[in-house]
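A.B. asks: Next up is a structure, given as structure tokens.
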Amino acid sequence: VLTLEKPSKFAPIKLPKADGSDIFPRVWSKVMGWGVTSYPNGKPSNELQSVDVRVWGDNACENKLGVDKSSLCAGGEAGKDSCVGDTGDPLIKENGRGDADDILLGLSGWGTGCGDKDMPSVYSRVSAGIEWINSVIKK
């Protein structure tokens, strides 16, 4: 969470509901970042990249990678993933009604490789920390 010296001219992204109801299995989302574009020998991108990935169900994510509900999994399609250098970058659910309606689902965390078939990346679930986030931004 950042505190700006002056108000931004850009509207902030919507935050998810605390109950996690914005996240459901197989929903399309978009991950963006400047990480490497090929793994393992790629270089960080000079331009912002994005790719559409599907969110996994909680049980499938836990069974595959042993994570709890403070995390979520997305991806698993060959060649489409976040990668090295993308940590902290956004996972966004686009609702199709313009940027003002998009929801921040997660922040890129970790994975085993990049863009491997049937192997998702793990994201910090924003809704898991939403009460804390809201308490900080209201100050």
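Using the three backbone atoms N, Cα and C, a Cβ is placed for every residue, glycine included.
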A.B. asks: Looking at Swiss-Prot, which of C61, C114 bridges to C73 via a disulfide?
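C.D. replies: The record-listed partner cysteine is C61.
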A.B. asks: In sequence order, what residues of the same chain, 6+ apart, have a Cβ less than 8 Å from the Cβ of C114 (disulfide bond)?
C.D. replies: V36, Y39, D81, S82, C83, V84, S121
